[in-house]
Amino acid sequence: MQLGGPSWTVLLGRRDSTTASKENAERDLPAPSFDLANLTQSFANKNLSVTDMVALSGGHTIGQSQCRFFRHHIYNDTNINSTFAALLQANCPQANGSGDSTLAPLDAASPTAFDNAYFSNLLAQNGLLHSDQQLFSGGSTDATVRSFASSASAFSSAFATAMVNMGNIAPKTGSQGQIRVSCSKVNS
Ligand code: HEM
């Protein structure tokens, strides 16, 4: 893969919806303000385990977030490295509405490599989102974060398993929906 991530065998024939619902997405997707209990519940609602949740959160090894989603964490939370918080504060002003869309990498250690640095960041309290740092903040998922931080291969194999599990969330059945020719878009 281009960025160095693991690969896995994707099951074929999933029936997907022909429409999208903003309301359903907003109702079911976890928010960056969620605590560990809310995160765990969101994933459990989709039959995903706590290990799946921690592994999939490692998707934040690449990509960026807008300031609006991490502002509260960098100004108000105490489980954040103070040097890291100060760096982020320089580009993400405290006032709502000011610099809302300014971006910061979700994995500052290696923003464009698919690796397990996301988890080492959490050990150093360098998680960008409140929801990221929740995975390593004295709770039940600390041990899994430590294990993925110390073993890239443990993370890779858990991520691949969890991606297959995520791909099995609530498929359409019978004649509902359609099997897409291209998985990212409705058949034309
Ligand atoms: C644990 C619950 C999760 C929460 C609360 C969450 C939240 C967020 C937020 C707030 C952003 C920034 C969006 C923006 O600024 O517009 C983001 C970006 C991203 N998320 Fe998540 N996410 C979660 C799980 C996941 C999962 C499961 C994956 C994939 C396996 C994932 C992959 C990504 C990627 C790749 C980006 C960067 C997008 C880009 O740079 O364009 N996230 N996430």
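Numbering starts at 1 and runs along the chain as it is shown here.
Placed from the backbone N, Cα and C atoms, the Cβ positions cover glycine too.
Remember, TrEMBL labels are computer predictions, not curated facts.
Quick look at what TrEMBL lists:
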REGION    1-29  region 'Disordered'
DOMAIN    1-187  domain 'Plant heme peroxidase family profile'
COMPBIAS  13-29  compositional bias 'Basic and acidic residues'
BINDING   PRO30  substrate binding site
BINDING   HIS60  heme b binding site
BINDING   THR61, ASP107, ASP115  Ca(2+) binding site
DISULFID  CYS67-CYS92  disulfide bond
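Away from its own ends, the compositional bias 'Basic and acidic residues' (13-29) comes close to residues 42, 45-46, 167-168, 171-173, 176-180, 183, 186 of its chain (Cβ-Cβ under 8 Å, at least six residues beyond either end). Of the candidate recorded positions, PRO30, HIS60, CYS67, CYS92, the one lying closest to ASP107 (Ca(2+) binding site) when CA atoms are compared is HIS60. For ligand 1, the nearby recorded positions are PRO30; that is, of PRO30, THR61, CYS92, ASP107, these have a C-beta under 6 Å from one of its atoms. Ranking the binding-site residues ASP107, ASP115 by how many other Cβ atoms lie within 10 angstroms of each Cβ puts ASP115 at the bottom.
Each of GLY58, HIS60, ILE62, ALA109, SER110, PRO111, ALA113, PHE114, ASN116, ALA117, TYR118 belongs to the same chain as THR61, ASP107, ASP115, is absent from that list, and has a C-beta within 8 angstroms of the C-beta centroid marking the Ca(2+) site. Within 10 Å of its Cβ, the residue among the disulfide-bonded residues CYS67, CYS92 with the fewest other Cβ atoms is CYS67. Rounded to a whole value, the Cα-Cα separation of PRO30 (substrate binding site) and ASP115 (Ca(2+) binding site) is 23 Å.
A mean pLDDT of 97 is what the model gives for the domain 'Plant heme peroxidase family profile' (1-187).
Working note on the binding-site residues PRO30, HIS60, THR61: by count of other C-beta atoms within 10 Å of each C-beta, THR61 ranks first.
DSSP assigns ASP115 (Ca(2+) binding site) to coil, not to a helix or a strand. In this structure, the C-alpha atom of CYS67 (disulfide bond) lies 15 angstrom from that of HIS60 (heme b binding site). Across the structure, THR61 (Ca(2+) binding site) and CYS92 (disulfide bond) place their CA atoms 21 angstrom apart.
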